[in-house]
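**Student:** Take this structure first; my questions come after.
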Amino acid sequence: IPFSFYCIHLTCFSLLIVSILCCVFILFLFLSELTGFIATEIVNELYVDDPDKDSGGKIEVSLNISLPNLHCDLVGLDIQDEMGRHEVGHIDNSMKIPLNQGDGCRFEGEFTINKVPGNFHVSTHSATAQPQSPDMTHNIHKLAFGEKLQVQHVKGAFNALGGADKLASNPLASHDYILKIVPTVYEDLSGKQKFSYQYTVANKEYVAYSHTGRIIPAIWFRYDLSPITVKYTERRQPFYRFITTICAIVGGTFTVAGIIDSCIFTASEAWKKIQIGKMS
């Protein structure tokens, strides 16, 4: 009788350990699946199209640049493109902030460009009197196109020129920034879309001359649009898939636990028979 009691006690203890491990395992998998269900994933795709057809063929631009050695009266923004637009001294939605006791200038502006190749440039072309040696050393704080995207998991070149420092460059040099603008769409879980633009950039610095002498320097932003659109879409696991996975976890765990339970019970019975045979 004492031996039988010992076997029963050992079997019950083993089954208790298996049950506890199964519950812990189910809880762990359930929490993992719940975390995956609550979290959203961002899927990206590429396609050829103009995503923002309601924009009227326009792109919003935000520019913030400092020229610490050029007076605000001399700083201006010029815009031109292949549709025939040629605007000198753009002033709408723009602001000039004096720097260095008035010797420098910070230009902040928001404007629109057409969806065709073109350029906009910061220069002294709109000034009443042209300076002899304008200093075009500068620091770009921001150059962005379209709506601002504040999404944690989307990393892109939405402000690729932000932080560009040309303060140590040749004061009399022109600067060319060659931009390739890539349309970008972000669609959240509700289906609401935001239209922005990423861009790549290459730049060069040069002193230009013509037959009449040195050409007045400027800071050029020459842009072209990519036909490829990048789309980011927020997605979440469907609820039915979550329920199906949970049922599979619970059912599978209990099935395996039943097999382990059967093995323990069979081994216990066999061991008990062997021990009884030895005693007899």
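Counting starts with 1 at the first residue shown.
The backbone N, Cα and C atoms fix where each Cβ goes, and this holds for glycine too.
Reproduced below are the annotations present in TrEMBL:
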- 17-87: domain 'Endoplasmic reticulum vesicle transporter N-terminal' (DOMAIN)
- 97-261: domain 'Endoplasmic reticulum vesicle transporter C-terminal' (DOMAIN)
- 6-31: transmembrane segment (TRANSMEM)
- 239-260: transmembrane segment (TRANSMEM)
**Student:** Take the domain 'Endoplasmic reticulum vesicle transporter N-terminal' (17-87) and count its residues per DSSP category (helix H/G/I, strand E/B, coil), listing them in that order.
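**Tutor:** Each residue of the domain 'Endoplasmic reticulum vesicle transporter N-terminal' (17-87) counted once, the result is 25 helix, 26 strand, 20 coil.
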**Student:** Mind looking up the mean pLDDT for the domain 'Endoplasmic reticulum vesicle transporter N-terminal' (17-87) in the predicted model?
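**Tutor:** The answer is 87, the mean pLDDT of the model over that range.
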